[in-house]
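Novice: According to TrEMBL, the feature region 'Disordered' maps to 1-20. Positions annotated as transmembrane segment by TrEMBL: 38-58, 78-97, 109-126, 146-166, 178-198, 210-230, 256-278, 320-339, 345-370, 382-402, 408-434. The domain 'Major facilitator superfamily (MFS) profile' feature in TrEMBL is assigned to 255-444.
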Amino acid sequence: MGHIDLPVITTGGQDHSKQPLSLEECPPDYFPEGGFRAWATAFGGFLVQFCTYGYTISFGVYQDFYGQTYLTNQSPSTIAWIGSVNAFLFEICGLISGQLYDRGYVRQLVIGASLLQVISLFMLSLAKPDQYYQASTYYSSYGSVFLSQGIGSGCAGGLLYIPSMAVVSQYFRKRRELVMTFVASGACLGAVVHPIMLNNTLNGRLGFANGVRASAALISGLLFIACLLIKPRFPPSKASTTFLASAKKCAHDPPYIYGTAGLTIFAVGFYYPLFYLQLDSATHGLSKTFSFYSLVIMNTSSFVGQLTSGLLVECFGVPRVLTVSTFAGTVLLFSLIGLRTLASVVVIGILYGYSAGIFQALWAPILAVLSPDPSDLGARMGISYAFMALGGLIGPPISGALLTNDYIWWRGAVFNGIMAAIGCSCFIAMQIVLRRRDNVSQQS
């Protein structure tokens, strides 16, 4: 482990010799702010984000592939339910993982949910064409697309997200938001790598089954490394705040309410380009190769946005950066009405990707800002993500229904732009309330 300065205690006896405390024996209000174990845990969280949420927001590849090749008997809205249920479970499972995290069961969550993610993806590879819900044979009874990708992978990602993000708060205080944005950036790097790999395997020589297995093998190896790296500072404890007590505190916390409302409502529009940009490009007559990489362009920009978000937060603070990013995202969602040419896809993809990357990176940091008591951070994150799950659940299917089989694209752009504008307004209200509360505390 790298060198860090630990507090010391004085032992009994006449020589009064000083012996350093081990990291586990340090008091809860001590933060090492670095060292091998701290950075190894952060990198493990980065890998978890790469393998879970990075895979979820790569669903645009599957939306295009299913709609045009593999599930041609289903409408765009029906196919979108696979990705939206995945996103819903990804966030709603935070109610469980947040409570377990607060009680110290980080390792158990990481190992168990990693196994579930790997099994779900390998089961997905057994699904046959037009096999949406049911499987065709006994041996592939779990090989339906919806069960494996929508439910299994969604639950796995949801159980992994909060522990992999919140555990870094046990090691960092001064640089907590910066390190959290680094961990979150793993999702956008995954959303760059996974679409490239999937587009070239699903539509290439390997085909669907072997392409998904190759992707599952990559994720298996990375999650195995993450399980070795992630290690909490504190052992399991029964002394954490109960869920009911945390919920009551949240209900009387106006900044938290506005922040959660903003995350929930903005999430309705947030997934629209992630699910439909590649299909939008293909149906507007752009080349197949460019359509494949339109999602990669956007997600690469998101990765840059996540990396730079830490620097922006250092200068301007989490609430202000989050509000500006959602305002930019709102404008760009409305701009999707004019998505017709290669240049417009590139420009909107880069700009939206950058703003969306910042928004995504600040989910956990804004909740850390809105949670003055670290003992209920996991529960507060779980509650907020449960509400966000509703936005992720209804957004893409509504967009697909508005789109129809005739691909009327302007409807989705207007609907998602309006929802994003409402979410941005909630963040503005959150900032106003936070500023008033800070002024009152300073005066007192």
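We count from 1, first residue shown onward.
Any Cβ shown, glycine's included, is placed from N, Cα and C.
Thinking about packing and proximity, how do these listed features fit into the structure?
Specialist: Remote same-chain partners of the transmembrane segment (38-58), defined as residues 6 or more beyond its termini with a Cβ less than 8 Å from a stretch Cβ, comprise 2, 32, 83, 86-87, 90, 110, 114, 117, 153-154, 156-157, 160-161, 164-165, 167-168, 171-172, 179, 182-191, 193-195, 198, 219, 222-223, 225-232, 271, 274, 295, 299.
Residues 44, 48, 51-52, 97, 100-101, 135, 139-140, 142-143, 145, 147-149, 152-153, 155-157, 159-160, 163-164, 208-210, 212-213, 215-216, 219-220, 223-224, 226-227, 230 of the same chain lie 6 or more positions beyond the ends of the transmembrane segment (109-126) yet place their CB under 8 Å from a CB of it.
Under 8 Å from some Cβ of the transmembrane segment (146-166) lie the Cβ atoms of residues 44-45, 48-49, 52-53, 55-56, 62, 81-83, 85-94, 96-98, 100-101, 106, 109-110, 112-114, 116-117, 119-121, 123-124, 126-127, 132-133, 180, 183-184, 226, 230, 364, 377-378, 381-382, 385, all in the same chain and six or more residues away from its ends.
Long-range neighbours of the transmembrane segment (210-230) within the same chain, counting only residues 6 or more positions beyond its ends whose Cβ lies under 8 Å from a Cβ of the stretch, are 40-41, 43-45, 47-48, 50-51, 55, 106-107, 110-111, 114, 117-118, 121-122, 124-125, 163-164, 167, 194, 197-198, 201-202, 204.
Remote same-chain partners of the transmembrane segment (256-278), defined as residues 6 or more beyond its termini with a Cβ less than 8 Å from a stretch Cβ, comprise 57, 59-61, 63-64, 80, 83-84, 87, 191, 195, 250, 291-292, 294-295, 298, 326, 329-330, 333, 336, 345, 348-349, 352, 356, 359, 363, 366-367, 370-371, 380, 383-384, 387-388, 390-392, 394-396, 398-399, 403, 412-413, 415-420, 422-427, 429-430, 433.
Sequence-remote contacts of a segment are chain residues at least 6 beyond its ends whose Cβ falls under 8 Å from one of its Cβ atoms, and for the transmembrane segment (320-339) they are 262, 266, 269-270, 272-273, 280-281, 284, 305, 309, 312-313, 345, 348, 351-352, 355-356, 358-359, 362, 366, 409-410, 412-414, 416-417, 420-421, 423-424, 427-428, 430-431.
Sequence-distant contacts of the transmembrane segment (382-402) (same chain, six or more residues past either end, CB-CB distance under 8 Å): 75-81, 83-85, 87-92, 94-99, 158, 161-162, 243, 246-247, 250, 256, 259-261, 263-272, 275-276, 363, 367, 408, 411-412, 415-416, 419.
Listed by sequence, the residues of this chain that lie at least six past the ends of the transmembrane segment (408-434) yet keep a Cβ under 8 A from its Cβ atoms are 254-255, 258-259, 261-270, 272, 276, 280, 283, 319-320, 322-323, 326-327, 329-330, 333-337, 339, 391, 395, 398-399, 402.
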Novice: Tell me, roughly as an integer, the mean pLDDT over the domain 'Major facilitator superfamily (MFS) profile' (255-444).
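Specialist: Its mean pLDDT is 84.
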